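Trainee: Once you've had a glance at the structure underneath, I'll fire off some questions.
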Amino acid sequence: MYTKVDLNLKQQHFVLRDARVWIPDPDLVWKGAVLREDYVGQKKLRVEYEDGEESIVAVKEDINLPPLRNPEILIGENDLTSLSYLHEPAGIVLVAINPYQTLPIYDNDTIQVYSGQDMGDMDPHIFAVAEEAFKRMSRFDENQSIIVSGESGAGKTVSAKYAMRYFATVCGAEAETQIEKRVLASNPIMEAIGNAKTTRNDNSSRFGKYIEIGFSRNNTIMGANMRTYLLEKSRVVFQAADERNYHIFYQLCSAADSPEYECLKLNHPDVFFYTNQGSAPFIDGVEDGEDLLETREAFLLLGINDVRQMEIFKILSGILHIGNVMFQEGDNENCVIPKTDKHLPLMAEMLGVDMEQMRHWLCQRKIVTANEILTKPLTISQAYFARDALSKHIYSSLFSWIVEELNKALFGFAKKNKFIGVLDIYGFETFEFNSFEQFCINYANEKLQQQFCLHVFKLEQEEYVKEQIEWSFIDFYDNQPCIDLIESKMGILDLLDEECKIPNGSDKNWIQKLYSKHGKTKHFEKPRMSQTSFIVHHFADKVEYQIEGFLEKNRDTVLDEHVNILKASEFELVAELFHDAKKGTSPTGAARGLVRSAKETGRGAGSKAHKKTIGSQFRESLNKLMETLFSTNPHYVRCIKPNDDKLPFTFQPHRAVQQLRACGVLETIRISAAGYPSRWTYPEFFQRYRVLATSKQIQHKNLKKTCENILGKLIQDRDKYQFGKTKIFFRAGQVAYLEKLRSDRLRYCGVLIQKRVRGWLARRRYIKIKKMVHLVQTYGRGLLARRKALFLRLTHAAIVVQNYWRCYHHRQRFLRFRKTIVIIQSYAREVFAQQQFIKTQSEAKAIVIQKYIRSYLARKHYEMVRHGIIKLQAHVRRRAAKKELKKLKIEARSVEHIRMVAKGLENKIIELQQKLDERGKEITVLRDDQVKLNELRNEYTKLKSAQKEMALSKDRVTELEALVRQLKIELDKERKEKGAAIEECKNIKVEKEQIIETFKKEKSALKSELDKVNEQLKMAGKGSDENIKERIEEVKRSMLAEFESERTHHQKLVKDYARLQQRFENLQGDMQMLSPPGMAIHRRSPSNISNLSLESESSASADPNREKGPDEEDDQGYGTRRLKQKTDRESVDNVEWNKKNGAEVPAEKVVDIALVSRLQNRIKELERDRKRLHRDLDSKGLPADLLSNDPEQEIYDTIRLQELEIECNRLREELTSLRKAVADSTDFDGTGMKGGPAAREFKDQFVAMTDELNRRRDECIQLRTLLVTRSRGMAELANENYGGDPSILNEDGELEMAYKTQKDLNKLLENELQKVQKNAELNEKELRSQIEELKRDNDRQQKLIGQNLTMTPEAKMAATMQHEITRLTSENLDLRETIDKYQEQIKKLKKALKIYARRLKSTEASDVQAELEREMAADENMPAVKHHREREYAGMFEYRKDDEPLLIRNLIIDLKPRLASQHLPGLPAYILFMSIRHTDVLNDDEKVRSLLTNTITGIKKVVKKRQDDVESVTLWLANTCRLLHNLKQYSGEKQFQAENTPQQNQQCLRNFDLSEYRQILSDLAVWIYQGLIKLMESKIHPVIVGAVLEHEAITGLSASKPSGLRGRQMSQSDDKTKGVMALDSLLKALTNFLRVLNVHAVDPELVKQVFKQLFYFICANALNNLLLRKDMCHWSKGMQMRYNLSHLEQWLRDHSLQDCQAQQSLEPIVQASQLLQARKTEADVDSICEMCSKLTTSQIIKILNLYTPVNEFEEKVPISFIRKIQEKLSSRSTTTQTQTLLMDTKFLYAVTFPFNPSSVALETLSAPLEWGLGFLKRI
């Protein structure tokens, strides 16, 4: 939370009863009270505190009077310059209080609200300071600085971070560019390596930094650089209780279990000594693992890759392991590291150093004397100190290196015009134990305070001079003596440096020098009871410094042996950190000076004597910083820590006052209060204190004179105020005096008004009461009379009612009795009848039962009798059967009877056996016959089917055989033609060889002639030799140019060599230390980088019989086996000719294999000839005189060329593998499949390009060789025949002519050969394709024949039918396609015929007739006869395709809104649509597509070109919508034809469906609409706040408060719209927008949407501004706002826009104004919550918190009331909207384009001549 702090200075004033004063308090510092008696010189005063407690205050003298408080009106002021008794210096300091809680006031919406606003207009905020700095830089081209200071934990880092984020957001236009992201990305890195947890702050910056953000002339961020100051290195090795080391160590330890970080060998922070001393490894609410990911992402964004990050992490891990290295006592008080120490090897591994060397030198140190080198063992304490010093040095060096890398990444190569610096530096510190760090910090604050005071004094002086008032010099505290004490010659730092140079210097000696030198200095003091400390009187307080460790910290000593070991590290980064020599000028150091860590000057110097101390380094860097700050315009942010317990929203006043004093605010307040702190403009003063003036004193035309008259009577002392040009300047306390007079005057006026009003009210009440008494009497008497008359009427009525009631009652009784008797009789008769019926029914049922029982008994008796008779019959018959059985048994026992029976049976058996045998034989014969019959039937069936098949396929086979014979004939013919072509090629080649031989002969003849002039050519040969040498040198340079790519590798080798050399020197030193003193040591200096060794090459060449591997070749050039094996190219030999389209083709189907083989053999022969020629050329070589005379240089060049060629081949191989990997791992066609057809095509293209490149390279080599050979031949020919003068060879240009002729002839032959080859290849491809097709047909037919031969008749029949069906289906489909085509053509012709028929019927018949006559006349060479007739147009424009660009340019791009407004609205859209109709009639889809595309492109172009012109954008929004409506209206769709006329229905599009283009036009209209809204918003944005909030239409409603510095900032624009004119300007702008929209006939619904959006924008901006301005939140301002908003609502009603929901868009700001006016008591909670339905909870609470009474008659909003409102509002739905504070100014309502048909007849429209559309023909 950022606010201003209310403090007060003690002022003398005559005080009376009820005066408001401040009373000192030990807890609250100052406590508010009110005097309960007048002060007349007594020694005691009775006061009453705000809590109601009374007390007695002692007053010894007038000077001891309690200081006066500010008036009620000034309580809670943001700008302290408006106060009467307390004044912030020139309003340039922002006091920022750390709330210790995240607040939603730093988002992008808040940034947008503060962007462009003046500093005095908005509430105090870090964004207001940043905007002020940015505005001053952009307007005045001045460099700016924002100085952020405060205690640890006060929020300095966060404030600086927010300031940088503001610049990045404002300059990046909402979307951060790369450099802006880098600037912000530096924060997490610097926080990780430079921030730590302390007892006061969880994220305390342990270093100071100054970041310069560079801007271009366009005010965009171009780069940044950073300077750091005084890193707290001691924290690396020591942390106090409840503190932590730097965050980066804990972040790495949190990721120790991750596989990626296993190589760091880390563990929990409690394991490491450097991270467990504070016993607080974790911070509440902080995830170190997530912070590590954020840090790594920031590293990547700033160009530090993962490999380099792991190197950094290894160094940090090595530091942690160094801290765990332990020492043991050895002999003679020395120390050793035990062999079992596990952290030393890990440290050596992390840093890449030799473990044994580190083990040795951690326990020893080297002493170098003039004659010898000694080794001295270290004690345990010294070893631990050296170990910690090494750790601090490593971390400091790494910190400085990271800062350098960040500066390189943040460096912008574009020129920086100006910059804004953000200084995040420590504030004044004083602890119980203050050491060297606190001394440097306070020294820096002394310098900053001096700059601060000088700047404040400068501003005060400028203000007085500007206003031309008389003023005297303001005396202020100058801390230059204190600064001289510290930094002057023989000052504290100088004596400290001098003591550091002494070998036996100590802290005690240094402190004694201080006592003796500065013992009598004013700002230096010696403590009474201590000899080890000193006191410095700083501007803020006295600080006692303990001298322990001053010298060591100033020296920053680290052993050279340790540094040398680190220089020899295997890791490049470690060696780079500690290398002596600095790198060359980096990009950051070339243009703007190398920005590096401020403490880093002289790091790694060659000797200790020239190494600067930390104090001197800090002094130099601080002086540079002060130079920078004095050259810029500063802005100050003082961060205040509200409490030491880090509790949210807890304020401790004494801590705040202590920090205000420490940061210099109180001292600068005293400077400001010494002059004229209170400043009023004349209009403000007159408006506020007009009540104190009389009518005679007021001169409305001269407010200055009026103010002089008023003040002359009110304040007698002329020195208490002065009149400036535009303001009145008051001494301290005068505003409070004027406020008291004003309050007394208002109180007197109030009492007078109350007296008159109360008398009037009492008389009015008496008259009203008297009148009421008379009325009551009259109405009472009338009431009694009416009551008596009513009683009489009621009595009579009661008698009549009784009479009728008694009659009615008796009659009803009689009727009830009679009815009862009738009912009883009916029930009795019913019972009697029921009993009689039941009796009769029972008797009938009894008779039925008797009947059935009697029948049952009779049947039962009959059955019993019948059963007995049957049993009797059975018994009789059984007896008879037994008798008969007995007789038969007796007969069967006789013998003869048995014989007779047996004989008959035998005969019968024999007869049956014979019949059985006969039947068996017959069955066997029949079975055999049946088998034979079945076989015959099968054979018959087969033969019959075969006969049918033969009959069916006989004709087809004949046709196929004929077709095969014909194809073979054609194939033989093509083979013969191909052979002829090949022979022709051979003949051409032979002819070419003959021609070459002819030229060779001619060449030999010329050579014989040239022998005569051999001597002359020798002299000229030297010149040609030089030319050839130059050419060879060019070739050499071109090949050496490829060697440039190896320089990086070479430099890396140099670094490695330097590192190895350092390691070698370390080993030499170790050997020297280990060798005996008297023993001579042979020392050999390491050689430099050796030249190319020729031994390997010579040995390789000396052994020609060495077996070569399969992959080795003598040649490393192009086309060798090694190169071929490493490429993906296939040679002709490896081509798989038996594959086609990726599928294997059977060998017997390959056509013309012999031809392919001959071609392959021919290619092999040509390849052998080429190799042979190369070998001959190599064997011949160049002449010896053409080469260098230096054999070593020749060998070196040869080897270099070979290495370059090998390296080139290796790079090509890597490029090939890289391309292949890219092709295999990339999804080219977006299908999600890697390595698909697109990847194969990519690889094939790359292979083809590689082959072409190799071929071109071979050709170049051959041409170079031929050139050298011919040059050599010419030189030899000239030497032999022309005396060495080669010019005679071509004296008459014969050679040149012959060469050109030969060249042309070769080209001609080559072209002819290429043509023949191309034709042959084409013919071959065609023949191959035909052969393949024939083969496929043949295979298909053979398969069909084979299938037919093996199938059964039924299957054959089915197959045949299927084949026929398939054939007929395909033929039918073909015929169907043909029919469809013909039908489409017929439809088109019919449409054309109808059109022509309509034309003939209409008046256009004359045109057709005229055309026919013209055609006839043209045929007869006679002029055509023209007929003049009145024409009717069809509503179309005809244009040529070539005129389309002209149509787009004249109708769209060059059309001015002024010309368009003179004609029918939307005429361009009508013309475009009429042109589209003509293309529809012609059915030219390409033409209509081109027209629509170019139209859309042209509209986009003209809108972008004139995006700042409201009329142009509106014009094309209207025309785009009209064109969209026309496309709908004439589309032919019924839903759009409801309001069409018959003529319009006839004019609908007939051929084209342009619904897709309708969608494109709709999107275009949305885009134009959004651009128009943004343009209108930008036009009205500057006047919104002035119109709605600041405009005071009701004069005198609110008396303004003291403005202080509001409106006094230098950054404010002079032409700012005043509130008086802002409302009129806003209404005029809205009226102008409406006029433009109406002129161009924008759809009414769209107009409503435009103003709905604009009024939402007005509401959002006004409400956001109100929520950030406390001075606007009071009752009178709410009334003014409501009145101003009523003007906007009236404007809507005046223009009939009240139904567009624009008024609803204003509801939030309307409700805010009502909230300011509403009563704020606990009884009004519900009504306020209901009233503010459109405001969010956050907005309501914010307005109530900001509510500030403007005068003494208003009251503040009680906290209890706000809490009840908050509880009531908590019942609302908890959505994101309810928590939003600021309205989204970029919100856009969804726009719609309702269909709006046009009644304009197209046939009545024509193109205006002034538009340049004469080429359009109206049809």
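Glycine too: its Cβ is placed from the backbone N, Cα and C atoms.
Annotations for this protein, taken from TrEMBL, read as follows:
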- 57-743: domain 'Myosin motor' (DOMAIN)
- Gly150, Glu151, Ser152, Gly153, Ala154, Gly155, Lys156, Thr157: ATP binding site (BINDING)
- 622-644: region 'Actin-binding' (REGION)
- 1092-1102: compositional bias 'Low complexity' (COMPBIAS)
- 1092-1140: region 'Disordered' (REGION)
- 1125-1140: compositional bias 'Basic and acidic residues' (COMPBIAS)
- 1493-1771: domain 'Dilute' (DOMAIN)
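Looking at the shown structure, can you explain where the listed features end up?
Mentor: Sequence-distant contacts of the region 'Actin-binding' (622-644), counting only residues of its own chain at least 6 positions beyond either end whose CB sits under 8 Å from a CB of the stretch, comprise 5, 92-100, 126, 129, 132-133, 136, 142-151, 153-156, 159, 163, 200, 210, 227, 229, 421, 423, 427, 443-444, 447-448, 451-452, 455, 598, 650-652, 655-656, 659-660, 663, 665.
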Trainee: Where's the emptiest Cβ shell within 10 Å among the binding-site residues Gly150, Gly153, Gly155?
Mentor: Gly153
Trainee: May I have the list of same-chain residues other than Gly150, Glu151, Ser152, Gly153, Ala154, Gly155, Lys156, Thr157 whose Cβ is within 8 Å of the Cβ centroid of the recorded ATP site, in sequence order?
Mentor: Asn98, Asn201, Ser204, Ser205, Gly427, Cys639, Lys641
Trainee: So what sits near Lys156 (ATP binding site) in its own chain, CB-to-CB under 8 Å and at least six residues off in sequence?
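Mentor: Those within reach of Lys156 (ATP binding site), by Cβ under 8 Å and sequence separation of 6 or more, are Val148, Ser149, Gly150, Ser205, Asp424, Ile425, Tyr426, Gly427, Cys639.
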Trainee: Residues with Cβ closer than 8 Å to the Cβ of Thr157 (ATP binding site), same chain and 6+ apart in sequence?
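Mentor: Listed in sequence order, they are Glu191, Asn195, Asn203, Ser205, Asp424.
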Trainee: Using DSSP, how many residues in the region 'Actin-binding' (622-644) fall into helix, strand and coil?
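Mentor: Taking the region 'Actin-binding' (622-644) as a whole: 9 helix, 8 strand, 6 coil.
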Trainee: Return the count of C-beta atoms lying within 10 angstroms of the C-beta of Glu151 (ATP binding site), excluding that atom itself.
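Mentor: Result for Glu151 (ATP binding site): 25 other Cβ atoms within 10 Å.
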Trainee: Given the binding-site residues Ser152, Ala154, which one is most crowded in terms of C-beta atoms within 10 angstroms?
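Mentor: Of Ser152, Ala154, the one with the most crowded Cβ is Ala154.
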Trainee: Please work out the mean pLDDT for the residues of the region 'Actin-binding' (622-644).
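Mentor: Value for the region 'Actin-binding' (622-644), mean pLDDT as a whole number: 88.
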